[in-house]
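Structure, as structure tokens:
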Amino acid sequence: MAKISEFERQRQENIQRNKELLKSLNLDSLSQSIKRELPRASETKKRKTTPRTKAVKKEDVEPSRRSRRIAGIKSELENPEEYNHKKSGSLKFEDKVIKSDSTEPEVKQEEKEELSEDIKNDNKVLHRLQALGDKFSAGDFFDIIQKNPIQYDDKVLQSTRDEFDKLKIYEKHNPLDIKISHTRITAINFHPSTTDRVVAAGDTNGNVGIWAVDSGEDDSEPTISILRPHGKAISRILTPVAEQNKLYSASYDGSVRVLDLNKLASTEVVYLNDPYENDDYALGVSDINFCASDANLLYMTTLSGSFHKHDIRTPFKPLKSKDILRLHDKKIGSFSINPNNTYQIATASLDRTLRIWDLRNVSKANAEWSEFENQISPHLYGSFSSRLSVSCVDWNSENRLVCNGYDDYINIFDLNEESLIPDNLKAFNKIKHNCQTGRWVSILKSKWQVAPEDGVQKFVIANMNRALDIYDQKGQIIAHLTDSVGAVPAVCGFHPTKNWVVGGSASGKVYLFE
């Protein structure tokens, strides 16, 4: 036998010692007991079977017979008024589903004609809805509404509709040739003049285009002049009542400038700086209006939700914190002054609210609602909350407000019926209107005609199906103008007095209906 090495001898001794240790611990018997406790892998659990129950057939229970005489129910002959009342509330096609007892051929023929006409009208509406999908406006159904005499009983409305039916697109030049700005139109203004008509429009690059509508008849091309008074998008263009030879324009670059139409020279009136930042930090101007009771007082709102007023007769000085009023914590898209009480203004904001303010009562206590510290606000009369942002608001001379926003509704408010402006404003009419403009179309904004010559209060708003919709102050549609419109005339407005309408598109072209 070969001699084992020292290492091998120690290894075998360790193995023997471990065996003796395991034996002393009695692990073999313990492992056997564990095995007995564990279920066998091959053994499967048997499912309990329950006896199948037979389905019990339900027997029809016939209703018990009851006497109408004992129950006190009168027959048709005994109570014809109640029968007729119930009959008038029946479903539209109930007589067709439930066979009519009428056997006279003339009655049957008349019923058949009425039903066929109803079905025809309903099918028209159904097909129109299917074609438009979920994004549609009430104006898309104008041809159906106009043909239905049941929808209105108003001679003034009918005559106004007849007048707007005569409106045609401007025919002197091809609408596709009337390009008034280089890029997408963001603001438009119809000058008050009725003889030498002028349309001005601003675009996203700060250009202002001026179109002399009634220039010489021999002109083969439209007479258009384009200037660039601003560095950013133009938010508003207006003509003061007292100075009709001037155009005021506001821009996101923080400035308000005045353009002399005779000299075509532009000068700066206001440059809004943020008082909480350095002087170079501009407050983008979102809207401007002149006060009706003081033609020199210019009201302005900003993209940050603040308000400022300035007398244009005095030189403008850099703003201080006390000069700014906080109206919203987010962008103010539009505001309007009450023509009857110029201390009242209405604002529409990205924060999904419309608010009415009293500019006479200004204090820090009025600004407790704001998330910003040390703010000053006017007194808040009341507000209207929307599901999504409110794009614009406009106030007419008969105390009606109109607003629209991304919730796809036009809301009309009547403040004549209220002795005091309520805390929570409620629209008396809501009109379905598609306002989903997307990235390449300017925001839709409804605008009243300032001083209608025919006495009919009306507003205009662009339709996403390349049209202009016109409504009266009750919310009844007057016109749906589509003639030769090649793009969505998103930015639109009335002539202040005449029933002429103009709209501007994303390509810088304008469509004039006269």
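Cβ atoms here come from the backbone N, Cα and C positions, even for glycine.
As annotated by Swiss-Prot, region 'Disordered' applies to 26-116.
If you look up Swiss-Prot, you'll see 34-44 (among others) marked as compositional bias 'Basic and acidic residues'.
For 45-55, the entry in Swiss-Prot reads compositional bias 'Basic residues'.
Among the features that Swiss-Prot reports, compositional bias 'Basic and acidic residues' is placed at 56-65 (among others).
Positions annotated as compositional bias 'Basic and acidic residues' by Swiss-Prot: 92-116 (among others).
The repeat 'WD 1' annotation in Swiss-Prot covers 180-221, and the record cites sequence analysis as its basis. If you look at the repeat 'WD 1' (180-221), the same-chain residues 6 or more away from its ends with a CB under 8 A from one of its CBs are 170, 172-173, 227-239, 241, 244, 247, 249, 251, 253, 259, 261, 264, 440-442, 490-498, 500, 502-510, 512.
For the repeat 'WD 2' (229-269), the mean pLDDT of the prediction comes to 94. As annotated by Swiss-Prot, repeat 'WD 2' applies to 229-269, with the evidence given as sequence analysis.
Marked as repeat 'WD 3' by Swiss-Prot: 280-320.
Taken from Swiss-Prot, the feature repeat 'WD 6' applies to 438-481, supported by sequence analysis. Packing against the repeat 'WD 6' (438-481) from elsewhere in the chain are residues 132, 135, 137-140, 142-143, 145, 152, 154, 156-157, 160-161, 163-165, 167, 184-186, 333-334, 391-392, 394-398, 400, 402-404, 410, 412, 429, 431, 487-499, 501, 503-504, 506, 511, 513: each is 6 or more residues past its ends and has a CB under 8 Å from a CB in it.
Positions annotated as repeat 'WD 7' by Swiss-Prot, on the basis of sequence analysis: 483-514.
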When the repeat 'WD 1' (180-221) is classified with DSSP, how many of its residues are helical, how many are strand and how many are coil?
0 helix, 17 strand, 25 coil
Helix, strand and coil totals (DSSP H, G, I; E, B; other) for the repeat 'WD 2' (229-269):
0 helix, 22 strand, 19 coil
